[in-house]
Amino acid sequence: MFNDIPVFDYEDIQLIPNKCIITSRSQADTSVTLGKYQFKLPVIPANMQTIIDETIAEQLAKEGYFYIMHRFDEDSRKPFIKRMHEQGLIASISVGVKAYEYEFVTSLKEDTPEFITIDIAHGHANSVIDMIKHIKTELPETFVIAGNVGTPEAVRELENAGADATKVGIGPGKVCITKVKTGFGTGGWQLAALRWCAKAARKPIIADGGIRTHGDIAKSIRFGASMVMIGSLFAGHIESPGKTVEVNGETFKEYYGSASAYQKGEHKNVEGKKILLPTKGHLSDTLTEMQQDLQSSISYAGGKDLDSLRHVDYVIVKNSIWNGDSI
C-alpha cells in the first residue's frame with residue numbers, strides 16, 4: 001500500500017559520509033553515460049523557454065553537457081537539428097503528442113536527432129505511449145525520453161512501450177503550480193517519488209523538479225536518478241533567454257513554467273506561474289560550481305565516481321535540514 005512507504009523530500013534528507021579515498025576533489029569523476037554518449041555532468045537545464053535557447057544548447061553541446069531543446073518554437077526544430085549536425089554536435093529536441101507531431105517525427109528520417117524527449121505535464125497517458133511507439137518505429141536509433149510521470153506503474157508502461165528513459169516529477173518545480181491547481185503531483189515528496197519509481201525502473205530515470213541546491217543533485221542520484229533536470233538554478237543567468245527587467249535599479253530575469261499563461265500566450269489550462277529572479281553571472285560559472293560541489297559530494301561518499309553516491313546511508317531529518325534558515 002502506498003501509504004506505507006516513507007514520504008520525504010530533499011530538505012528532509014541528509015546523506016551520511018564515508019571515509020574519503022581521494023586526495024583532491026578534482027580526482028572525482030562526475031561523468032555520466034546516457035545512450036551511446038558520455039556527458040560531463042548528470043545535470044540537464046530544463047527544456048523551458050526561459051532556460052534554454054539554440055545558442056545555449058549549442059554552447060552546452062560543445063562543452064560536453066547534455067541538453068534538451070524546448071518544443072515551443074516548432075518550425076525551428078528541423079533547422080536546429082541541421083545546424084547541430086553540421087557542427088558535429090548531438091541534436092536533442094522535444095515533441096508533444098498532437099496529431100501533427102506524428103508527421104513531424106516521420107519527416108526526421110532524413111536528418112535524425114540523437115535524442116527526442118516527449119514532453120507533456122501528465123506523461124502517463126495513451127497519447128504518450130502511442131508517440132513512443134511511433135518514434136521507435138520511424139526512428140529506431142533515436143534515444144527516447146518520455147514524461148513526466150510520478151508512479152512506478154507509469155515508469156513501467158512507458159519503458160514497455162519503448163522509452164529509453166523516463167522523466168519523474170509532477171509539479172514539484174518552483175514555477176509549477178500543478179499541485180495547487182489540480183491537487184495532484186509529487187510536490188513536497190518528489191525525492192520519495194523518485195525512490196519509489198526508481199525501484200521499478202529498468203532504464204535510466206531523470207529526476208525533474210524540486211532541486212533547490214547543488215546537494216540535491218547528489219541526493220537525487222542516491223535515490224535512483226541517472227540524470228537530474230533543473231530549472232530555477234539555471235534561470236536568471238546573463239545568457240538566459242528570459243526577459244531582463246529592472247526594478248528599483250536592480251536587474252532581474254523572468255522565469256516561467258512551461259504550462260503558464262506567459263508561455264501559452266493565452267489564459268487556458270494554466271499550471272505554471274511567472275517569477276522574477278535576480279540576475280546572476282554566467283551559466284558556465286554555475287556549471288563549474290555544480291561540478292565542484294558534486295565532486296565534493298563524491299569525496300564525502302567515499303568514492304571516485306557517481307556510483308559511490310548510490311550506496312551511502314542517509315537519515316530522514318523531520319525538522320528539515322534548514323532548521324528555520326532559508327536558502
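Backbone N, Cα and C atoms are what each Cβ position is placed from, and that goes for glycine too.
What you are looking at is a predicted structure, and each value in this text was computed from that prediction instead of being measured.
Here's what Swiss-Prot has on this protein:
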type	residues	note
ACT_SITE	CYS176	active site, thioimidate intermediate
BINDING	205-228	NADP(+) binding site
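Location within the structure of each feature annotated in Swiss-Prot.
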residue: ILE205; record: NADP(+) binding site; CB count, 10 Å: 26
residue: ASP208; record: NADP(+) binding site; CB count, 10 Å: 32
residue: ILE211; record: NADP(+) binding site; CB count, 10 Å: 28
residue: HIS214; record: NADP(+) binding site; CB count, 10 Å: 19
residue: ILE217; record: NADP(+) binding site; CB count, 10 Å: 28
residue: SER220; record: NADP(+) binding site; CB count, 10 Å: 31
residue: PHE223; record: NADP(+) binding site; CB count, 10 Å: 25
residue: SER226; record: NADP(+) binding site; CB count, 10 Å: 19
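A coil conformation is recorded for SER226 (NADP(+) binding site) in the three-state DSSP classification, outside any helix or strand.
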